[in-house]
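Pulled from TrEMBL, these are the features on record:
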- 4-133: domain 'Nudix hydrolase' (DOMAIN)
- ARG25, GLU36, PHE37, PRO38, GLY39: 8-oxo-dGTP binding site (BINDING)
- GLY39, GLU59: Mg(2+) binding site (BINDING)
Amino acid sequence: MTRRLLLVVACALVDADNRILIAQRPEGKALAGLWEFPGGKVDAGETPEDALIRELREELGVETKTACLAPLTFASHTYDDFHLLMPLYVCRRWTGFPRSLEGQAIKWVRAKQLRDYPMPPADEPLIAPLIELL
Ligand code: 9L3
Ligand code: MG
């Protein structure tokens with residue numbers, strides 16, 4: 001079977017206290033109820049950084065820039081109908097107070113607490129590198 005490759009970007013927003021923001025996927029979306037690193041699909045014509053800056057603005061109302069996005073690792077996960085490739089960036093500098101703009105719950109958690117939140121299978125392997133970093 002041929003699967004489409006889907007490019008998605010995700011971000012660990014890390015605050016001054018080394019806590020990470022996670023968001024709960026809202027009802028009606030794929031994987032509803034699971035906690036994820038915020039982000040979304042890279043649209044045609046966008047760089048991954050452009051897409052992440054846009055998604056952070058749309059979902060959380062924060063503004064950041066490419067120079068503030070450091071790639072850490074990436075997820076590679078096969079779903080039934082597509083293969084997801086998802087770089088994870090770490091961002092420690094932004095402006096605006098992160099708030100829920102799309103009905104998602106949000107939470108600041110320590111890296112070691114991430115395992116207490118059920119995540120999509122693509123996100124789970126991203127936890128260990130974050131624990132190591134933070
Ligand atoms: N996804 C998984 N983990 C994440 C993100 C941001 C996205 N941290 C998966 C869920 C969907 C696909 O990527 O299958 C596209 O995401 P969205 O556009 O529905 O947020
Ligand atoms: Mg999204």
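Note: Cβ is positioned from N, Cα and C throughout, glycine not excepted.
Features as recorded by TrEMBL, highlighted on the structure.
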residue	record	contacts (Cβ under 8 Å, 6+ apart)
ARG25	8-oxo-dGTP binding site	LEU31, ALA32, GLY33, LEU34, TRP35, GLU36, GLN104, PRO120
PHE37	8-oxo-dGTP binding site	ALA10, CYS11, ALA12, ILE20, ILE22, ALA23, LEU88, ASP123, LEU126
PRO38	8-oxo-dGTP binding site	ALA10, CYS11, LEU13, LEU21, ILE22, ALA23, GLU55, LEU56, GLU59, LEU60
GLY39	8-oxo-dGTP binding site	VAL8, VAL9, ALA10, CYS11, ALA51, LEU52, GLU55, MET86
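Candidate binding-site residues: ARG25, GLU36, GLY39, GLU59. Those with a Cβ under 6 Å from ligand 1, in sequence order, are GLU36, GLY39. Residue counts for the domain 'Nudix hydrolase' (4-133) under DSSP, helix first, then strand, then coil, are 32 helix, 47 strand, 51 coil. For the recorded 8-oxo-dGTP site, residues ARG25, GLU36, PHE37, PRO38, GLY39 set the reference point as the centre of their Cβ atoms, and the other residues of that chain within 8 Å of it by Cβ are ALA10, CYS11, ILE22, ALA23, TRP35, GLY40, GLU59, ASP123. Mean predicted confidence for the domain 'Nudix hydrolase' (4-133): the pLDDT average there is 97. The Cβ of GLU59 (Mg(2+) binding site) has 21 other Cβ atoms within 10 Å, all protein chains considered. The 10 Å shell around the Cβ of GLU36 (8-oxo-dGTP binding site) contains 21 further Cβ atoms across the protein chains shown.
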